[in-house]
Structures are given as C-alpha cells and as structure tokens.
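Enquirer: Got a structure for you, written out below as structure tokens; questions coming shortly.
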Amino acid sequence: MVVVLQPCHVKEIKVKSGPNVGSTLPLAAIVVTDQSEVKHTVLMWRTAAFWSLALLPGEIIVLTHLSLCEDRWREDMVLQSSFRSKLVSLGSCSALLSGEGPGAPEDSALQGLLHHIQEKHQYLCELSPRRPQKPEDVRYASLAELQPELLLHAILKVKSISILKESTYHFKGLQQHKVLLTVEQVRDKSRTLVLWGASASWRDQIHLKRHHIWVFKYLFCKKNIISGDLELHTTPWSSCECLFDDDQRAIDFQKGYNISSTQQMSLLTMIEDRYSGEIQVKGRILQIEFHILGQRKILISHETSISGILKSLPDIIYTGCGKCQRELHIDDNNVYEQCYECLPSNQVNTFYRAAQITVLSDDCCICVRAPPDVVGIVFLNIAANLLPKVFPSCKDVTYGVIVADLCRSLLAPTAESFIFTIKSQFMLDENSVALEEEFHLLDFHIDL
C-alpha cells in the first residue's frame, strides 16, 4: 500500500534483446512512497502501463505481484509489474480523510499511511479529490468550460485535419501517425481533438464532411504537458456521428456557432457605410465565375444546363501542392513539378479553382472572391478528386453529376436563401471616397 507522488505518461520503447527483440512495448513509471519515507519508481509494463493514466498525485493504491530489479543506468533499485500484477485504488488522501473514499477507514495500515502523509506530505491532502465518473453521468460539454481528467460528449465543427508524421505510435502491431483535428463550437475559438487507435480510421470520413457538424462521444479531456492547453482525446469507447443540416442539434449548434464578432448586416448598409470587417448576409447566388490562367472564363448561372456544367467541371479543378494549394504543371515526362517552397512535403492533391460568386441580397448584389476551400463548402464538401468517380449507391451516377445538379439548384431563381459570411475591405481617400473595395467569402451555409 503506497501513495502516488508522481505519475508518468505512457510511452513506447523498442525491445533490443530477448525473444521479443524489435517489437515495441508500452511503458509507464510512477513514483510512490509509504511510511518508510523510501521513494521507489514502479515500472509498469504492457497493459499495466495504461493504469497510470487513471492515477493522480495523492492517490493511495495497492499494487500486487511486483518484482524488485536493478536499474543499471541509474544504479538504483526499482519495482516493476508482472503479468500477475493488479492495482486497486483506495481513493485520494483528501477524500479518505473526509470519509468520502472507498477505502476502509478502520484499517490500521491505511490510517497509519494517512497519518504519515498528513505529517510529511501535507500538500497531497490539500489536492482536490477527483469524483469518479459513471457512464450515465457523462454529459455534453462546452469547449469554453472544459475540465481536465473528465470524460465528456461534445458537438463540434471540424475546421481542419493534420497528420503529424514525426509523431508515431503502435496500434495492434502497426505504426500509426498522430491525427489532430481542429474543432470549434464558436467561430474562431478552437481546440484540438486527437484521434487515437481505431478512431484514427475516422480521418477519411471526417475529411469528406469537414465543416459539417459532428457529435463525438466519450472523449477524454487532458492537459497538454508541453503547451498546458486542454485537449480532447478519443478513447476505446469513443464514437462519432455527422449531423444533417435539418437535425435540431445542428440547428441549435449553428445558432451558437455564429454568435461572435461577426455582425448581421445588409449589403446595402455595408456599401453605404463602407464597413470593413466580417459580416453575415442573407441572400442567394446569382452566378459563379471561374478564372483560368491563359484561358476563357467559365460562367455558371441558372441558364447553364446540367450538361454544360458537366462539360466545364474538368476545367474548374486543378492539381496542386497538397500543402499550399499552388497549381503544379506537368513536365515533358508527365511528372508534376515540385513545389520548392513546401519541400520536403511533396504531396499532390486536386482542388477546385478559386471563384468569383455574385451574391444578391435585397436588390443589391456584389461579387465576392471564394478560395478553393470555400468553393468546396459550396459544393457540399465533395472533394474535387471525386468528381469523375461513381457514387457508391448509384452505378450510373458520378459525383460530377451530383455537383452539376447541385449548381442548378443553388442558382435557380426560386432557390432558398443562404447565410454568407463575408469579409469586406474598403480603401478610402482623405474624403472618405472608396478607392478600392474587396469582398472575400469566408463561410457559406443554408439559412435554417
């Protein structure tokens, strides 16, 4: 029976000798002590390593079937777990002293250890006790009110996905990269969600429907040991669900998401006041115009037929650098040129071209610039490289046909209204006369 002084994070080590040479094993270490005032490091191997994730300083635990061995590097004796080891947590010092812990208060050994901790390690008794969670007690949480070391559910909007190739770990014998999601509940106030283990397979599914609203369940909130920021991590019990736009949970989320510094304003007011900043406008799309270097402009309006849109689709996409999206050209050997600014990254991807979208609102219209990412949002986040591919449930329908039909629906005179988030910038002279004006489309969604 000991008290935890310092838990350590789980890490992987590579076995360099013995029958398991070359394989990787999880390892964690905790520093413990008891009435003898001797501090020992306990090495926890394999499954036992993950027990350390549930331990905090000041917890009194019982460990069984430990072995004593010599640490040849530090010339010290350490304890290490075995296949028969078990761990029982009796609760934190503060909880046991107040009578709230599960440990038996009449036990003489426990009372002796608690008395010793009060005398020699008073700071452990002042730590707030952790209340154990039950599955039925897990609640939906706000990113602004996260608490560490708790399980939670969250409704989130995924803004971006990153893969850290320099950060790897092993799962079921295979090496995996760390997958990070940037998520939001309120615009421009983001947190990090880390996908571990089996949850890393969600990446492609989430990438296809990024900017949609997702429900994540049984996430674990933990403080990053380097930055100190609170992060969300998936667990073996985690699940995810993409919400449809007409789902009441998505409607309620969107209302809260748009509560930010962005103002609701009409186009006419913005132009008359020469307002520079982010605004939200309710309106519809009149036309979409794509500019192709050295070629003609491609204009899509409600008069353009579906066949005409389909014919234009190969021209409104391009192959570019997977990191900076710069268009890459093919050399004489049909090999794409390298993007030297982004080396050593050499990923190539397919993108939509930037577009100029004409927005109509209250008999006032403006042309806004939409970057490739926002054009993708307008096209229901259907990736540009999917356009020639067949839709899984309809063998005669390609994703390109879906995008073409969507364009017709968006541009129809009777189309429903949308919410446009626009960033405006007016350059004025000394007499407040507009010399130049620019409008950029930041986001786009259906007016619910």
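Quick reminder: no glycine exception, Cβ is built from N, Cα and C everywhere.
Keep in mind that TrEMBL annotations are predicted by a computer and have not been checked by a curator.
Take a look at what TrEMBL says about it:
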{"type": "DOMAIN", "residues": "1-100", "note": "domain 'Shieldin complex subunit 2 first OB fold'"}
{"type": "DOMAIN", "residues": "147-228", "note": "domain 'Shieldin complex subunit 2 second OB fold'"}
{"type": "DOMAIN", "residues": "284-445", "note": "domain 'Shieldin complex subunit 2 C-terminal'"}
Enquirer: What are the DSSP helix/strand/coil residue counts across the domain 'Shieldin complex subunit 2 second OB fold' (147-228)?
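Expert: Taking each residue of the domain 'Shieldin complex subunit 2 second OB fold' (147-228) in turn, the totals are 12 helix, 53 strand, 17 coil.
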Enquirer: So what's the mean pLDDT when you look at the domain 'Shieldin complex subunit 2 first OB fold' (1-100)?
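Expert: That stretch averages a pLDDT of 85.
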Enquirer: So, by DSSP, how many helix, strand and coil residues make up the domain 'Shieldin complex subunit 2 first OB fold' (1-100)?
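Expert: Taking the domain 'Shieldin complex subunit 2 first OB fold' (1-100) as a whole: 14 helix, 47 strand, 39 coil.
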